[in-house]
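Report on the following structure.
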Amino acid sequence: MFRIGQGFDVHQFAEERPCIIGGVRIPFEKGLLGHSDADVLLHTIADACLGAIGEGDIGKHFPDTDAAFKDADSEKLLAHVWEMVKEKGYLLGNLDCTIIAQAPKMAPYIDEIRKNVSRILAVDPSQVNIKATTTEKLGFTGRKEGIASQAVILLRNNQQ
Ligand SMILES: Nc1ccn([C@@H]2O[C@H](COP(=O)(O)O)[C@@H](O)[C@H]2O)c(=O)n1
Ligand SMILES: C[C@@]1(CO)OP(=O)(O)OP(=O)(O)OC[C@H]1O
């Protein structure tokens with residue numbers, strides 16, 4: 001049996017915050033604002049996983065009103081979600097992600113992010129694709145007010 005999930009997340013830029021995307025710290029003049037470390041890509045992937053297994057979203061499992069998740073390491077949140085996926089008997093088919101950002105330039109970090117996401121999920125990097133696009137200076141991403149991210153995931157049942 002196959003299950004598909006999609007995720008979408010946005011975090012705004014803020015001064016004096018780290019810019020962590022896919023668990024990789026990106027050198028940039030601003031960082032991303034959030035209750036956690038605001039890793040927009042890992043949140044997107046977690047939401048895609050939760051969608052695929054019919055378990056709601058990241059805010060349901062890690063509320064931003066809970067002090068336990070203040071400055072949370074999003075790698076740990078995704079790892080927890082991935083355990084839920086595996087407990088339900090699913091394996092990764094493939095994961096495809098798009099980072100939507102006018103800046104920073106993501107190309108130099110894409111391989112590292114791909115490896116890092118593959119490590120967190122304990123899958124082969126060939127099962128994970130990470131890409132980036134600008135919005136041609138249009139909209140909030142185009143004005144460099146924040147970053148958006150999208151992901152689609154395909155899971156397959158490990159019994160078949
Ligand atoms: N933050 C970004 C955005 C885009 N890229 C790379 O540039 C290519 C062209 O972007 P367009 O928005 O003009 O399609 C894109 O395919 C990415 O490879 C990037 O590295 N960082
Ligand atoms: C991850 C959580 C929890 O720390 O906080 P944020 O960093 O604000 O991220 P968001 O994408 O709004 O999702 C859910 C939150 O509950």
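Note: Cβ is positioned from N, Cα and C throughout, glycine not excepted.
Per TrEMBL, the features are:
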type	residues	note
DOMAIN	2-155	domain '2-C-methyl-D-erythritol 2,4-cyclodiphosphate synthase'
BINDING	D9, H11, H43	divalent metal cation binding site
BINDING	9-11, 35-36, 57-59, 62-66, 101-107, 133-136, F140, R143	4-CDP-2-C-methyl-D-erythritol 2-phosphate binding site
SITE	H35	site 'Transition state stabilizer'
SITE	T134	site 'Transition state stabilizer'
In Å, rounded, how far does the Cα of P104 (4-CDP-2-C-methyl-D-erythritol 2-phosphate binding site) sit from the Cα of T134 (site 'Transition state stabilizer')?
10
Cβ within 8 Å of the divalent metal cation site centroid (D9, H11, H43 excluded): which residues?
V10, L32, G34, A38, D39, V40, L41, L42, T44, I147, S149
Which of these recorded positions is closest to D66 (4-CDP-2-C-methyl-D-erythritol 2-phosphate binding site) if you go by CA atoms: D9, H35, H43?
H35
Around ligand 2, within a Cβ distance of under 6 Å, which of the recorded positions H35, H43, F140 show up?
H35, H43
Does T134 (site 'Transition state stabilizer') have same-chain partners at least 6 apart in sequence with Cβ under 8 Å from its own Cβ, and which are they?
I100, A101, Q102, T141, G142
Sequence-ordered recorded positions from H35, S36, D66, T133, T134, F140 with Cβ under 6 Å of an atom of ligand 1:
T133, T134
Quick one: Cα separation, F62 (4-CDP-2-C-methyl-D-erythritol 2-phosphate binding site) versus H11 (divalent metal cation binding site), in Å?
16
Select the most exposed residue of S36, T133, where exposure means the fewest other Cβ atoms within 10 Å, treating these as the binding-site residues.
T133
How many other Cβ atoms are found within 10 Å of the Cβ atom of D9 (divalent metal cation binding site), counting all protein chains shown?
23
I'd like to know which of these binding-site residues, F62, F140, is least surrounded, judged by other CB atoms within 10 A.
F140
